[in-house]
Structures are given as C-alpha cells and as structure tokens.
Amino acid sequence: MLLSFIRDAVASMFRGGRRYWLWLGFLALVLLAGLVAYGLQLSQGLIATGMSDQVSWGFYISNFAFLVGIAAAAVLLVIPAYVFHRKDIKSVVLIGEGLAVAAVLAAMLFVIVDLGRPDRILHMLPVIGRFNFPQSMLAWDVVVLSGYLLLNLAIPFYVHYCHYRQREPNFAAYFPFVVLAMFWAISIHTVTAFLFSSNTGRPFWHVALLGPRFIATAFVSGPALIIIVLQVLGRVTRYPIPASVIDTLALIMTVALQISLFFVGVELFTDFYNETAHAASVRYLYFGLDGLASLAPWVWTALLMNLVAVVILTINPLRRQLRLLNLACLLAFAGIWIEKGMGFVVPGFIPTPLGEVFEYTPTAVELIVSAGIWAFAALVFTLLAKASIAISLGDVSAERAEGEGSPVMASG
Amino acid sequence: MSNLQSETIDQSRRRFLGAAAGAGAAVAGTAAAPAWGGSTLMDTMGSFFQNHYQRMSDEEIADAIGRIERRAKRRYDVDIICRDQPPQEDVVFGYALNISKCQGYRDCVSACVRENNLDRGSQMEYIRVLEMEEGSRNLEHSEHYYDPDTVPVEGKYYLPVQCMQCDNPPCVKACPVEATWMEPDGIVVVDYDWCIGCRYCMTACPYQARHFNWREPQIPSEDINRNTNYLGNRPRPRGVVEKCHFCTQRTREGRQPACQEACPTGARIFGNLLDPSSEIRYVLANKKVFRLKEELGTEPKFWYFTD
C-alpha cells in the first residue's frame, strides 16, 4: 500500500497539460543554467563570486536568510488550521507545508553553494564529522533546518497517505507533531537571526531586535507569496481556494508589515538620534560612506515599496480589491527580499571591523546560481503541490488504483 | 641563541624524519606511484577521508604530512619539510606592541607574507598596519592602504593589527565543525584539511584577522618557505580560512615570530606570558597598556603600549 502510494503520487507529479510541462521545462532550464554556473564556480573557486575578505558573505547568504523566513511562514497556515480549526485554512495547509519544504531545501542549498569546500560537508555530521553543537550558531541552524524539513515532510506524508486510502487521519497521532512544528517554525527563524546577532564585532547585527524583526518580516513575505501562489493554483487546477483564506493571510500580513516598519523606524531613531560609531553600517546602507553607496538606491526602493504596500494593506477598501492586494503582495515580497537580503547581510560587513569601506557586487555566476536554486525551489513546490492536489481531489487514491488495476489515472 | 636554535631545529628534524619513514612505508605498502608526482588516487582518497587533526593517530598524521609534502612538490616543485611541532610545556604566548616606536614601515607585513607562504595572487596579509590620525583612535578614520613617499607622515601614527589570539575567541565558538581551536600555548590554529570554508569565523572575528583562499594560492616556487609546520605555515588548499598563528613553525622552537624579527624599530615584544622574567611580562607590569576592542570580552593576548 505504501509503495503504491509513493508510486501513484510520483506518477501524478508528471502528468499534466502542455502548459504544465512548459512550466516544468522552463524551471528545469533555469536549474540547468544554475548548475552550469555552479560548475564554473567549483572549477575556479569562490573567486568567481564578488565576495572578499572584507565582505565575506554576499548574495547567497542574503537569499538564505530570506528563504528561512518564507519557510517559517508556513506556520501562519498551520496555527489557524490546527489550533483554531479553521476548515477553510485546513484545506490549503498542505500546500503551505509544501512551500515550507521547498523553501528549506533552497535555504540549505544557498548555504552549500556558499561553502569553500562542499566536498567536506560530511564534516558537519555527528560522529563521522565534528559538530560544534551547541556552541556554534551555524550548527544550531543545521539542526533546526533539518528538523523542520523532516517535520514538514513527515506530517503531510502521513496526512496524504490517509487521504490516499480515503481514511481520516488520526488527529491525536499527528497533532503533537503539528504543535512541535509550530514552535519549530519560530525557532528556525530565531536561530537564523541569532546567527547574525551573536556577532559582537558587527554592531549592525548585534541588536536584540533582530529576532523579532526577522519574525515580523517573515510574516510579511511568507503570506505575500502564499496569497499569490494560492491564486495561481486556484486558476490552473480544479482545487477550490476559499477567498476567506486570502482575507486572513492579507490581514496577518498587514499587521506584520506595520510592525516591521515600526521596527525599522525604531532602529533608525536609535542609530541616528545620537550617532555613534556603531551606526556606521546603517549610515553606509542609507546614505553611503566615503562616497560609496551602492546599496542606498536599493534600500530606499525597498522602503518605498514597503510603504506603498502598507498603505494599500492598511486601508480596508483598498486591500479588499484583489488587484491592489496582489500589487501590495508583490511590492512587499520584493521590498522584504531587498531589506532582509542584501540590505541586511551585506552592510553588516561594511565598514569592516577595522573601519575599511569595501563594497560588494554579486557576479553573474552568483546571480545565475541563485536563479537556479530559486528554480529548484519552484520545481520542488510545483511537484509537491501537483501530487497533493491530485490526492486531495481524490484523483489519486488507493481505490482508484485498484479499480483500474493500474496506477495510471484516466484524468489528470 | 643561535646554538640553541640549531639544536631545537635538529631535534624536530629528527622527529620529522621518523615520521617521514612511517609515511614512506605506508605509501610503499599501498603501491603508490611517486612517478606521478604524488598525485595518486591514494592521496586523493587519503585527503578525503582524513580525520580531524585532534583525532588522528601519529601514523595518520605522518600519512597526512606525506600528502602535504607530495602536494607541495606537485604544485610548486619544491621539497618542503612539514613538521607537526607540538606546543611547549608551560608556555602561553603573548605579544605587546609599542605604538610610539612603530613608524609604519610595514616590514613586519612583508616578512610575514614570506615566512608564512601567503597567497601572493590575492596579496593576502595577516598583518594590517593602520595609519591613524593623531588625537584619535577611531578605526573608521584609519587609512589601510597608505602609500606616501616616506613614513612616518606628520600628524599620523601607526597601529599594526593582526590576530589577537583571543583567550575567549569568538571565531572558535562560531566554527560549526571545530576546525579551529586554541592550542595549549594560547595560539588559535586552523586545521586547513578540516575547514569547510563557510567563513562564519570571519564573520565572528572583530579584528578582521581571518582570511579566505578565494582561489588556489599562488606563490612563486623560489619564494616558498620550505620550513613549515602542520598547524602553521604549510601551503594551504583553496577554499579554506587561514590566519596568523604566531609563526608556530618558529615560536614552538623557541624562536621569535617573523614579524618581531623584521621590525627595525624594536616595537614588537613577543614572549611567554607564564614566564615572570620574560620581556613581555615586564611590559605588562611596567607600561600602560591597552587592548583593541577590549569591551567585546574577547580577552586578546595582544597588547599595545606607548613609551
């Protein structure tokens, strides 16, 4: 039964119309380009990137920090679905968990492509390697991300398997894991914030507000993405997406963006009212230092995007118009991606702890590798969502498989 | 002094020769072909499965040293001598630098580059001499790449910065795989064969003392320092982090670090903090010293003082 479930689920991933295959083909192509660029990086070394001893983390780690937030945001579907028993949200919670799986995998890949010696990744394993746990925050991140990945694979696997056999999942059996996953979701993003805020030599990151800021921004970018993705799924599949789900997510996102912008204001006040040496990175970020200001246009754009988004979201009549809501989602997603990615990771290194202002620009290799990882994430999500929807709609089930005497479905 | 030096070198060379014999036997036993220049499948596999330095037996370290020497031969066509020099008993090294004497010549920098086989391609330097404005100690107003016709420049003073060998090193805490640690003699070292190249230690270091091999290090063969140490100046692979190690290949033999020897002004005082009669202890007891970013709690074993 378990084997036929896996076989049928995988088979359903690769059944679809012309547009579905075009989409998969497009993602595969971008992924391939990413692989080629990564091959180049492997042969040349990390010199192929724009990073330096001064700015030793760049575009990869920026995307990593952002994606951990996306992964954590799945909890925003999990909590109302399982704790408040919102039926409408429960109907899409599995989609959210699929998104979490894709985002965690991509986040992990962004760390792996950033390694100087990926061939030594086994050194991280306990026993075979030497794992500096619990001292190293990076070791913590490995633990929490792996755990989160497992939870988000195991719970949906069980629920889908029950659906496949057309049985009700045993709530008592999986609810403890759901509760664990909720706390775990918050932990992955908190630990990722600690990865940065633990560095005493980097005053830009060394602030207690970092954890709350990470969570708040994750609860903006995550729902923004989920709102868009659910609408797309509602169009390209027969799966019903309740409008009330979109409404709830939009409301969460509204509050989270308001809080995020408040946090930005709090930090700007603290840094600039009586400006100290510790404000140098913020000054560089917004205004530039020594005539160098390559991040300033980006961060101001991000701020503007977030401000427009928060206006749309805050005014009820505007938010209720789906078109404007979608615009707000796109703006906030891009705005947070800049603010929390390049606008957060890179200025932590500028100026250096010895006061040198040395800028960083990602190379084409970094951009293409990153695009490849994003395409991989989209590919993983597409395949998971495809199978999930097929099983939830009853297109793929044990009964059907038996009834037709073959795992191949008539309709797709 | 020189007699003492040659004696200690001879001792360690004997130690090394013993190790090399073991390595030779191991290679012969597995039918490796030195005719390939050492680039055998066995070497590649040996490197891949090589254990953490602190977990290797003496034999395994001898094997690793054999691979290091063959690799240097292959890459640079130079016969290096790699030893595994242990820390001395009852020694914790410390450094004190007299900024009244430092004139910003940067002789320490170039001596360090030569001594420690630093990558010439990326112009990696373990020591950074900052040109500071008189009346200020704000690092953000320092000039890192000063290039006047003559130094010292009027109105400036010079602040050399290198690894502080912190007693509470944030880099060691950060490393996810324990590839860097503090040795009993207080030196923070890196196992270049264990480092995964995540560069979290570089992020954690408040002194910009750690450096990454963004590409295969390039050193002209004739410039290779052939006297090397395992946890020190042996040639490094690509993709790993390295840093100042107080010249373990010298100081663990009772010699002074290259930067100290090179300094023409006598600004640098290096020695054993546990020895009450050492010069460094005299400085700590009799001069008004300060440490860089002491407020971060890193407990540097590197002090600055003035006349």
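Positions of Cβ are set from backbone N, Cα and C atoms, glycine also.
All annotation found in TrEMBL is predicted automatically rather than curated by experts.
Long-range contacts of the transmembrane segment (A:20-40) within the same chain, counting only residues at least 6 positions beyond its ends with a Cβ under 8 Å from a Cβ of the stretch, are 48, 113, 236, 364-365, 368-376, 378-379, 382, 386. Residues or ranges marked as transmembrane segment in TrEMBL: A:20-40 (among others).
Taking Cβ pairs closer than 8 Å, the transmembrane segment (A:60-84) reaches residues 49, 90, 92-93, 95-97, 99-100, 103-104, 106-107, 110-111, 113-114, 145, 148, 152, 175, 178-179, 181-182, 185-186, 188-189, 192, 196, 214-215, 217-219, 221-223, 225-226, 248-249, 252, 336-337, 340-342, 344-346, 366, 369-370, 373-374, 377 in its own chain, all 6 or more past its ends. The transmembrane segment annotation in TrEMBL covers A:60-84 (among others).
The transmembrane segment annotation in TrEMBL covers A:91-113 (among others).
TrEMBL lists A:133-159 (among others) with the feature transmembrane segment. Cβ atoms under 8 Å from those of the transmembrane segment (A:133-159) belong to residues 68, 71, 74, 94, 97-98, 100-101, 104-105, 107-108, 124, 126, 169, 173-174, 177-178, 180-181, 184-185, 187-188, 191-192, 194-195, 198, 388 of the same chain, restricted to positions at least 6 beyond its ends.
Feature annotation from TrEMBL assigns transmembrane segment to A:171-194 (among others).
Taken from TrEMBL, the feature transmembrane segment applies to A:214-233 (among others). Within the chain carrying the transmembrane segment (A:214-233), a Cβ under 8 angstroms from the stretch's Cβ atoms is held by residues 65-66, 68-70, 72-74, 76-77, 92, 95-96, 99, 186, 189-190, 192-193, 239, 241, 245-246, 249-250, 252-253, 256-257, 259-260, 263, 322, 325-326, 328-330, 332-333, 336-337, 339-340, 381, 385, 389, all 6 or more beyond its ends.
For A:245-266 (among others), the entry in TrEMBL reads transmembrane segment.
What TrEMBL records for A:295-315 (among others) is transmembrane segment.
Among the features that TrEMBL reports, transmembrane segment is placed at A:327-350 (among others).
Remote same-chain residues near the transmembrane segment (A:362-384) are listed as 13, 23-24, 27-28, 30-38, 40-41, 48-50, 58-60, 63, 67, 98-99, 101-103, 105-106, 109-110, 113, 229 (criterion: CB distance under 8 Å, separation of at least six residues from the stretch ends). Sequence annotations record features per position, and here TrEMBL assigns transmembrane segment to A:362-384 (among others).
Residues 54-59, 61-63, 65-66, 69, 196, 199, 202, 204-205, 214, 217, 220-221, 223-225, 227-228, 253, 257, 260, 264, 281-282, 284-285, 289, 295, 298-299, 301-306, 308-310, 312-313, 319, 357-360 of the same chain sit 6 or more residues outside the transmembrane segment (A:327-350) yet have a Cβ under 8 Å from a Cβ within it.
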